[in-house]
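Annotated features, as they stand in TrEMBL:
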- His228: active site (ACT_SITE)
- Ala130, Asn198: NAD(+) binding site (BINDING)
- 18-127: domain 'Aspartate/homoserine dehydrogenase NAD-binding' (DOMAIN)
- 176-262: domain 'Aspartate dehydrogenase' (DOMAIN)
Amino acid sequence: MNAFTSPRRRPMRVAIAGFGAIGGRVAQALDEGIPGFELAAVAAQDKGKAARRMEQLRNPVPVLDIAELEPVADLVIECAPAVLLPAIAEPFLREAKSVVVLSVGALLAQEHLVALARQHGGQIVVPTGALLGLDAVAAAAEGRIESVRMVTRKPVRGLLGAPYLVENNIRIEDIREPMRVFEGTAREAAKGFPANLNVAVALSLAGIGPDRTMLEIWADPELQRNTHRIEVESDSARFSMSIEGIPSENPKTGRITPLSVIACLRKMTAPLRVGT
Ligand SMILES: NC(=O)C1=CN([C@@H]2O[C@H](COP(=O)(O)OP(=O)(O)OC[C@H]3O[C@@H](n4cnc5c(N)ncnc54)[C@H](OP(=O)(O)O)[C@@H]3O)[C@@H](O)[C@H]2O)C=CC1
Ligand SMILES: O=C([O-])CC(=O)C(=O)O
């Protein structure tokens, strides 16, 4: 028996930083009940809007500022704009608590967070999110991986406003055919597409790192789903996998993303854990 699975353990108090497409759905699941966890508080920018959304929960919790979350929670789920990651994560990591990170791309520019977790005994958890197969990639990385390539295709509205497109004057609003808008490493993609390609960074952290994980991004005017296709070549296996995610209320974010967070929470306390 461990601290998480002990039946006598009091529920982990969860704070959700960001009450949008991901945070709202995870809050709903916690409100309906995930064994071993209880929702303690959320943070949002527009507190009035968040308070109205909160009315839909059976057991409403306070809407706080990010700085007020740590004292009331044992674990925080970061699902806010990427720039807020340090403000959300640092107080929890300093207290040896866990931080579930969705703005994974921001971790590359904030490497001190991993050092902070190591120093204080906290933990940063990156769920598979909108992707798939990170278990196989992590297993292959215990041997030798030669290459990891991902091709992402998104509907135009899922890419609009990305800094890389703006800075390079790449117009996709009126395209009539699929257009390749980016080719490069996961690290470069994280900078150029901070709200669209967290998955590429998650893939890179599970495997061979952000400078060797290669990525193509296509804008496709006919497409309805966020599509990621991954090819891995390693000394234990060659595998390819793809996922066609249905966009959520936020067209940049797939519906499966909050479900991945919910599954991740369940796995933390489950008496039977399946998958690495
Ligand atoms: N790892 C993965 O697989 C994926 C990761 N993501 C990433 O997850 C993150 C969240 O995505 P998503 O839920 O779709 O985003 P949304 O835009 O739907 O929600 C973001 C939330 O953050 C809140 N917020 C903004 N500023 C502040 C602030 N200063 N203090 C507190 N809250 C604030 C917003 O509040 P308000 O509404 O009041 O403005 C909103 O509730 C993004 O970084 C996204 O890129 C997305 C998809 C997949
Ligand atoms: O939903 C997706 O396809 C992935 C996504 O937005 C991200 O990685 O940020």
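Numbering starts at 1 and runs along the chain as displayed.
A Cβ is built for glycine as well, from the same backbone N, Cα and C atoms used for every other residue.
No curator has checked TrEMBL annotations; they are predicted automatically.
Remember, predicted model here, so these are calculated numbers, not experimental data.
Mapped onto three states, the DSSP output places Asn198 (NAD(+) binding site) in helix.
For ligand 1, the recorded positions lying close by, meaning a CB under 6 A from one of its atoms, are Ala130, Asn198; the full candidate list was Ala130, Asn198, His228. The distance from the Cα of the residue listed as 'active site' to the Cα of Asn198 (NAD(+) binding site) comes to 12 Å. Shown in sequence order, Asn198, Val199, Asn226, His228, Ile243, Gly245, Thr253, Gly254, Ile256, Thr257, Ser260 are the residues of the chain, 6+ apart in sequence, with a C-beta less than 8 angstroms from the C-beta of Ala130 (NAD(+) binding site). Most Cβ neighbours within 10 Å among the recorded positions Asn198, His228: this distinction goes to Asn198. In terms of DSSP secondary structure, the domain 'Aspartate/homoserine dehydrogenase NAD-binding' (18-127) contains 52 helix, 20 strand, 38 coil.
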